[in-house]
Amino acid sequence: MERQISYRSLSKIPGLFSLLLAATLSRLAGRMFVLTLVLFALARFSSPVLAGWLTFAAIVPGLIVSPLAGVLLDCVGPTIAVRIDMIASTAFITAISLAGWLGWSSPPVVCTLAMLFSLAGPLGIAGIRTLLPRLVPPHALDQANALDTAVYSIVDVVGPAMAGGLVGWLGPEAAMSLIAAACAGAAVCLSQVQRLPGLASSRTSLLRQAIKGIYVVVRQPTLRGLAVSQSLYQMTWGALHVVIPVFVAGNYTVAAGSTVVGLLWALVGIAGGVGALLAGHLCTTGRERHIMTAGMAVTAFATWPIAAEFGFRGLTIGLLLAGAMSGPIDVAMLTLRQRRTNPRQLGRVMSISISVNQAGFPLGAAIAGVVITESLSAIFVLAGITSVLAAIATLSIPPDATPVA
């Protein structure tokens, strides 16, 4: 068995540092863009309703076309696919900024540009995670996935704060320009990454290959199990995002409550990053199912009764515990999905799976929004139950004897 390597040794892998830097800039830009788009709509149109629809336009179209994006990723190769996303994002965000400065930013124009931005998104999100197992040797994949997950956690903390600060200081148009510059910087960093060819055949139509990709995810026991377990797990976080502000509002004034909620989610992000880095040393390969199951079980306990029944202190401890568990869960999930997927289909599988996983978050938030008027405690119980169900679904995933599809 090959031994694991240290995080410092990862810097010797050609192209990995440039890829992670590009991923950081790209994800930071994406995280900032959504909030800045909302603030842009409020500043220019004074319409919370339009802000909601613009957020929808910036996210949902990309989820819908993710199967086609995954096929394109497999055909042209992950390096080119990610570069397409970064260049397209730079262009569309710059266009929104220019439209604002030139007075052309009507709702239809901004909505159209937000939709175009969304369509390229799956290429970058799935492409980066398709590149990793092709750049990194198997014995270093745990650490690489851990760093990748930690980047997400850091961006979740820094992105919204930077977006709000830049809009307040420079205005939404200037903030959009800086976000576009970050996307351009990501594209420059990616130029240092080896161009890897596509592994899928380009002779079959994109639509037929996309349908085949969906069929693979549904039919392959590991991918099907991960889709179910991760969707349920994301329902937990969707419910928490609704209930936490309401819980805090019952203990603090409106002004103080907003600050407290921001600090709580910052702590969750930091805990997730630390948990991911520690998970990189666990050697999760072959033990992913057990690590995910244990993490989800702890998350359920942290959600209820710890966060729900022991006041604000219990809420803080519960969220920190759930955040710390999210790191190992994500690292193990990534490693298992990469190991159990045919490399020729990894791009479309990643793209489809990520979209399916994300669907659990708004579903959990929507259910919480309906139930929250009746009982706060019921939302925490719901969040705990979905994590328990996620753990059960994870245990249903076959062990390593199952061959790759």
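For all residues, glycine too, the Cβ spot is worked out from N, Cα and C.
If you look up Swiss-Prot, you'll see 32-52 (among others) marked as transmembrane segment. Below 8 angstroms of C-beta separation, residues 58-59, 89, 93, 96, 100, 105, 107, 110, 114, 117, 159-160, 162-164, 166-167, 171-173, 175-176, 179, 182 of the same chain, each at least six residues beyond the ends of the transmembrane segment (32-52), sit close to that stretch.
For 53-73 (among others), the entry in Swiss-Prot reads transmembrane segment.
Residues or ranges marked as transmembrane segment in Swiss-Prot (evidence: sequence analysis): 84-104 (among others).
Positions annotated as transmembrane segment by Swiss-Prot, on the basis of sequence analysis: 108-128 (among others).
Within its own chain, the transmembrane segment (150-170) is flanked in space by residues 20, 23-24, 27-28, 30-33, 35-36, 39-40, 43, 178-179, 262, 265-266, 269-270, 272-273, 276-277, 326-327, 330, which lie at least six positions past its ends and keep a Cβ under 8 Å from the stretch. Taken from Swiss-Prot, the feature transmembrane segment covers 150-170 (among others).
Long-range contacts of the transmembrane segment (171-191) within the same chain, counting only residues at least 6 positions beyond its ends with a Cβ under 8 Å from a Cβ of the stretch, are 18-19, 21-23, 25-26, 28-29, 32-33, 36, 39-40, 43-44, 79, 82-83, 86-87, 89-90, 93-94, 96-97, 100-101, 163. Residues or ranges marked as transmembrane segment in Swiss-Prot (evidence: sequence analysis): 171-191 (among others).
For the transmembrane segment (237-257), the residues of the chain that approach it from at least six positions outside its boundaries are 264-265, 303, 312, 315, 319, 322, 360-369, 372, 376, 379-380, 382-383, 386, judged by C-beta separation under 8 angstroms. Marked as transmembrane segment by Swiss-Prot: 237-257 (among others).
The transmembrane segment annotation in Swiss-Prot covers 260-280 (among others).
Here Swiss-Prot flags 291-311 (among others) as transmembrane segment. For the transmembrane segment (291-311), same-chain residues at least 6 beyond its ends with a Cβ under 8 Å from one of its own Cβ atoms are 229, 233, 236, 240, 279, 282, 284, 317-319, 321-322, 325-326, 328-329, 332-333, 336, 376-377, 380-381, 383-385, 387-388, 390-391, 394-395.
Annotation source Swiss-Prot lists transmembrane segment at 314-334 (among others), citing sequence analysis.
Annotation comment: Swiss-Prot describes 352-372 (among others) as transmembrane segment.
Annotated transmembrane segment per Swiss-Prot: 378-398 (among others), in sequence order, evidence recorded as sequence analysis. Here the transmembrane segment (378-398) has long-range neighbours at 221-222, 225-226, 228-230, 232-233, 235-236, 239-240, 242-243, 289, 292-293, 296-297, 299-301, 303-305, 307-308, 336, 364, 367-368, 371-372, meaning same-chain residues at least 6 beyond its ends whose C-beta is under 8 angstroms from one of its own.
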May I ask which of the stretches 53-73, 108-128, 260-280, 314-334 has the most CB pairs under 8 A with the transmembrane segment (352-372)?
53-73
